Structures are given as structure tokens and as C-alpha cells.
Amino acid sequence: MSSATSFYDFKPSDKGGKPYPLANFKGKVVLVVNTASKCGFTPQFGGLENLYKGTYNHLLLDSYTHSQPTDTSSCPDVKPQNPDFEIIGFPCNQFGSQDPGNNDEIEQFCQVNYGVSFPILGKTEVNGDKVEPVYEWMKKSKPGIMGLTRIKWNFEKFLIGRDGQVVGRWASTAKPESLKSAIEAELAKKPATGTASADKPKPT
């Protein structure tokens with residue numbers, strides 16, 4: 001989509017093949033990750049889920065003061081999920097054929113082995129002629145080292161700010177917990193007027 005100006009302009013496919021409008025995340029901070037289930041970095045699913053639930057993020061409550069915290073007495077190290085923070089996983093089989101399953105198998109693997117509760121969309125290509133348009137846009141918006149745009153491996157990470165623009169990009173080797181400060185900085189920013197986000201769409 002050459003006319004796209006923000007993350008919200010795209011509608012990738014969910015695991016059922018239906019459009020998944022990213023406009024539903026307006027005003028939120030979103031971490032986007034290309035994932036794989038048979039990769040040396042696959043254990044990062046656990047770190048991503050901890051990040052999503054708030055284990056690593058001490059601003060989850062402070063940045064959303066009008067929400068009511070849930071009871072975490074049974075697990076005091078885990079805070080409630082911040083409704084202004086989202087993670088989206090894009091399964092990809094382009095790197096060493098390390099995500100060979102179908103969409104249902106991939107989702108089940110993530111949930112059973114790592115308790116993943118953030119959205120896992122349909123299998124995606126992040127490089128090449130069939131690249132998912134949102135990935136083409138993100139890569140051009142935030143090139144890597146020496147201006148290279150190509151995704152190098154599984155579990156590269158893009159951070160989208162509340163304004164729908166790419167504010168950060170990290171290599172596969174960056175552990176989810178190392179992104180904490182960058183995420184907190186974006187969460188601390190006030191959403192622009194009129195960008196209040198709706199409930200996230202659920203992959204079918």
C-alpha cells in the first residue's frame with residue numbers, strides 16, 4: 001500500500017484469513033514481532049508474554065490511571081495488562097523453514113508451550129515479492145544497520161508509537177525485557193485527541 005502513512009492503514013490477515021484492521025489499535029503502543037515455533041529464539045515467546053502481562057513493565061498502572069487494577073495477590077510480581085499496550089505476532093516460515101505448521105497448529109503451540117495470550121495472526125512473508133504490506137512499510141520507515149531494510153531472522157521487533165509511526169526496531173537477539181524502557185517511554189506519552197482505541201479485534 002504505497003499511499004499508507006501509518007500503521008493503522010493496514011489490514012493483514014488473521015489466522016482465519018479475514019482482514020485484521022490495525023486501525024483498531026489507534027492510540028495504543030504496539031510491539032510487532034515476526035515469530036517462529038522451531039527457532040533458537042522461540043523461547044522469547046515467554047518473555048513477550050511476560051512483557052504483555054506486565055511482569056517487566058512497572059508503568060502499566062501509572063500510564064493508565066483510570067483503569068482498575070485486578071487482584072494480583074496470588075502472583076505479586078505480575079501486574080495487570082495495560083490496555084494501552086499490545087503485542088502482535090506474525091508467524092513466518094521464511095527463515096530456515098522454522099514455522100512449518102498451519103495457523104491453528106502455530107497458535108496452539110504458542111498457547112500450550114508459552115501461555116501466549118496476545119494476538120497471533122496468519123502466517124506471513126516479511127521479505128520478498130509476497131511481503132505483507134505492513135512489513136514493507138515498517139521496514140522502510142525504520143531501516144536497520146547501514147540502511148538495510150530486509151528482515152534478517154525470526155523475532156525481529158518493531159515498536160509502534162501512539163501516533164501509528166515506527167519508533168524503534170530491534171534485532172532477533174534483543175530480549176523482550178530489554179525493550180522495557182522504550183515501551184514505557186511511549187506509554188508515558190498522551191494519546192492524541194480522537195485516537196482512543198477500540199477493543200482489539202480477535203483473530204478467528
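Even glycines carry a Cβ here, placed using N, Cα and C.
In TrEMBL, annotation is done automatically, which means it is predicted and not curated.
According to TrEMBL, the feature active site maps to Cys39. Mapped onto three states, the DSSP output places Cys39 (active site) in coil.
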Those residues of the chain, 6+ apart, with a Cβ under 8 Å from that of Cys39 (active site): Phe95, Gly96, Gln98, Asp99, Trp153, Asn154, Phe155
